[in-house]
Amino acid sequence: MSLLAHNMTTGTAQIGVTGLAVMGSNIARNFARHGYTVALHNRSVTKTDALLDEHGSEGNFVRSETIPEFLAALEKPRRVLIMVQAGAATDAVINQLADAMDPGDIIIDGGNALYTDTIRREKAMAQRGLHFVGAGISGGEEGALNGPSIMPGGPAQSYEALGPMLETISAHVDGVPCCTHIGPDGSGHFVKMVHNGIEYSDMQLIGEAYQLLRDGLNLTAPQIADVFADWNNGELDSYLVQITSEVLRQPDAKTGKPLVDVIRDEAEQKGTGRWTVKSALDLGVPVTGIAEAVFARALSGSVAQRRAAIGLAAGQLADAPSDPARFTEDIRQALYASKIVAYAQGFNQIQAGSAEYGWNIKPGDLATIWRGGCIIRAKFLNRIKEAFDTDPNLPTLIVAPYFRGALESAVDSWRRVVSTATQLGIPIPGFSSALSYYDALRTERLPAALIQAQRDFFGAHTYGRIDEPGKFHTLWSGDRSEVPA
Ligand code: ATR
């Protein structure tokens, strides 16, 4: 154990971290590496000591075993970052801390909390004179250590005391920190949730592109790795495309086969994608790309149904595409177009959430802080930032000039991919629903008029007319004349 581990000076630490599993440890090390004195605490002291043993020399740490000892080590107002399991554990730790803290102290929850829990907790802490900041942190283990993207909500006043530290340890792109105050109470965790939803969608679309290359063109995993590496040099330049290439190139030590070929094809989830879709349903925002991605994971894990359906007839299938290079380029375009739709939908959900809760979130700021550190970091986030800078009230990203141009130049390829995949019997829920969304938005008259008439027929739910204001009802079981509702 390093000498610093035994530095029991009280009141000198600028930040305390409690919950020293992988994410918590790495964030604590990140603070220490940037010159902050970091008080350490974990429910069981073994994790604290393990961190000090392995990394105690990286900076100034203050070891503590109990919460009073931990709080005594911090300068005031105290800043305590909680990195424990979301849910009941977070509530337990918040209450233990709050009981021992003083008015003006700041509790930061850096876990993946549900934003409604954050709203509740912030209110409860405010009543006790404490500041509560729900901060979304993205970037996984590596991001936590070397610079994550940080999305802090909570009172603006607490950001003054906290923001500079969080900005220092966050990732930076072009000298700009990937951290900014998102808005009041649960806004930080809300945008982190939607970020994760977009991540689900991005991964599903990449998965579909991979399957089309594998089953449509019979390419091997290393060959597909080359395709993704090539794509990563262009508009698709992003962390997820880059790691896809690395994953596909990885051989399995046991069999010598590509690792991806020996991994069970059942995707798991921790729940943030599902939360995103549930919230979108409540807000009435069609995040079809995210929903398809969440359901696609659920379908992959529906083992009994999949087993029962093996051998069902595919019908007459088309031959493999005759021009592999052209089909590969079509897939690239379809991936890019579908990805734009997924982000457009996610940003609509953020705008709707912001309006619902009065958060005043600036979508352009989000695009800025997602450019580095986080899992969905991608070159094209610069374009999203530009789009919202030009028009902060953009109704949908897909009509911003850059994205409109990108979609219009991709749409022929996109249609070819969706129809070819259908004829090859390859499932592409993400690509096809994104294209349907695009087509639906640009369609002048949707079949919703018929739905309104049906609703009026069986439930007298009334309808609006295209040529007159007001609501109307047809006397369906009477003489079928129309009456004002
Ligand atoms: P990871 O997924 O990175 O392992 P996690 O499961 O989200 O992390 O969180 C684990 C952390 O939450 C651990 O620090 C754990 O403390 P222990 O090391 O003592 O197990 C902490 N934790 C879980 N439940 C807790 C509780 N009820 N009170 C305090 N800390 C708790």
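Glycine is treated like the rest: Cβ placed from N, Cα and C.
The NADP(+) binding site annotation in TrEMBL covers G19, L20, A21, V22, M23, G24, N42, R43, S44, V84, Q85, A86, N112. A21 (NADP(+) binding site) carries neither a helix nor a strand DSSP state and counts as coil.
Annotation for H461 (substrate binding site): spatial neighbours Q452, R455, criterion Cβ-Cβ under 8 Å with sequence separation of six or more. Feature annotation from TrEMBL assigns substrate binding site to N112, S138, G139, G140, H195, N196, Y200, K270, R297, R455, H461.
If you look up TrEMBL, you'll see 188-477 marked as domain '6-phosphogluconate dehydrogenase C-terminal'.
If you draw a 10 Å sphere around the CB of K192 (active site, proton acceptor), it holds 29 other CB atoms from the protein chains shown. Annotation comment: TrEMBL describes K192 as active site, proton acceptor.
What TrEMBL records for E199 is active site, proton donor. For the recorded site, E199 (active site, proton donor), the DSSP three-state label reads helix.
S44 (NADP(+) binding site) sits 26 Å from G139 (substrate binding site), counting Cα to Cα.
The maximum pairwise C-alpha distance among G19, L20, A21, V22, M23, G24, N42, R43, S44, V84, Q85, A86, N112, the residues recorded as binding NADP(+), is 21 Å. In this structure, N42 (NADP(+) binding site) belongs to neither helix nor strand by DSSP; it is coil. Taking Cβ-Cβ distances under 8 Å and a sequence gap of 6 or more within the same chain, the neighbours of N42 (NADP(+) binding site) are T18, G19, L20, G24, T48. There are 20 other Cβ atoms within 10 Å of the Cβ belonging to R297 (substrate binding site).
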